[in-house]
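What TrEMBL says about this protein:
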DOMAIN    3-53  domain 'Pre-SET'
BINDING   CYS7  Zn(2+) 1 binding site
BINDING   CYS8, CYS35, CYS39  Zn(2+) 2 binding site
BINDING   CYS35, CYS41, CYS45  Zn(2+) 3 binding site
DOMAIN    56-179  domain 'SET'
BINDING   ARG67, GLY68, TRP69, ASN136, HIS137, TYR178, LYS216  S-adenosyl-L-methionine binding site
BINDING   CYS139, CYS215, CYS217, CYS222  Zn(2+) 4 binding site
DOMAIN    211-227  domain 'Post-SET'
Amino acid sequence: ATLAGGCCPGASHNRFAYNEAGQVRIRAGLPIYECNSRCRCGAECPNRVVQRGIRYDLCIFRTGDGRGWGVRTLQRIRKSSFVMEYVGEIITSEEAERRGQVYDRQGATYLFDLDYVEDVYTVDAAHYGNISHFVNHSCDPNLQVYNVFIENLDQRLPRIALFATRPIRAGEELTFDYNMHVDPVDAESTRMDSNFGLVGGSLGGSPRARGRIECKCGAASCRKFLF
């Protein structure tokens, strides 16, 4: 399929998310619909990006400022390029609340609410996942979260993809905002808040009630607390 032909997103009345180089061109908050097994296009279709997996050489390293492990890229990453998917075990929000209380006591942050349309499921990367498990928070991040739909079109179960917000130098640490809020651009994007780590305020009380986590990202715009 070609970009001009619209390929699969056209069938679901959504904008084509990528340019020919595979860079995301829609605003955060809008969904990405990639081609899937029901499409006639091949593996090199420009609308198959997240499903191809990580394409950059990344490595885990130990931070020197008390933030634990982190992830850096070993090669330059172009702005708006797909970097990695946040992968883990999909659990109900009720189970996430139970696990979250345990993780809070351990000082760990592995839960990612899938609240694109409603807060029903959560991704837990504590026991099953990929390198995304080690990506640290920043109040001025170089990665942005997008909701992606490929084989499964259930809007309660988006896949979480991280794209570069700016050109990233080789050797630079990769970060995303654990408490990201996206300004609605239309009805489709009104629900895209990531609320990573502390699961659903409506379930577990306010973050303040569960103990505030000090932010150590070092950004000039640092909010001082993660939640």
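Each Cβ is built from the backbone N, Cα and C atoms, and glycine gets one as well.
These numbers come from a predicted model, not from an experiment.
In this entry, S-adenosyl-L-methionine is bound by ARG67, GLY68, TRP69, ASN136, HIS137, TYR178, LYS216, whose most widely separated C-alpha atoms sit 16 angstrom apart. Cβ atoms under 8 Å from those of the domain 'Post-SET' (211-227) belong to residues 65-67, 104, 109, 136-140, 175, 178-179, 197-198 of the same chain, restricted to positions at least 6 beyond its ends. Secondary structure of the domain 'Post-SET' (211-227) per DSSP (helix as H, G, I; strand as E, B; remaining residues coil): 0 helix, 2 strand, 15 coil. Among the binding-site residues GLY68, CYS215, LYS216, not one has its Cα within 10 Å of the Cα of CYS39 (Zn(2+) 2 binding site). GLY68 (S-adenosyl-L-methionine binding site) has CYS217 as its nearest neighbour among the binding-site residues CYS41, CYS45, CYS139, CYS217, going by CA to CA distance.
The binding-site residues listed here (CYS35, CYS41, CYS45, TRP69, HIS137) include HIS137 as those with a Cα within 10 A of the Cα of CYS215 (Zn(2+) 4 binding site).
All chains included, 15 other C-beta atoms sit within 10 angstroms of the C-beta of CYS39 (Zn(2+) 2 binding site). What surrounds the Zn(2+) 4 site, by Cβ distance within 8 Å of the Cβ centroid and not counting CYS139, CYS215, CYS217, CYS222, is the set HIS137, SER138, ASP140, LYS216, GLY218, ALA219, SER221, ARG223, LYS224, LEU226 from the same chain. Residue density at CYS215 (Zn(2+) 4 binding site): 19 other Cβ atoms are found within 10 A of its Cβ, drawing on all protein chains shown. CYS41 (Zn(2+) 3 binding site) and CYS35 (Zn(2+) 2 binding site) have their C-alpha atoms 8 Å apart, to the nearest angstrom.
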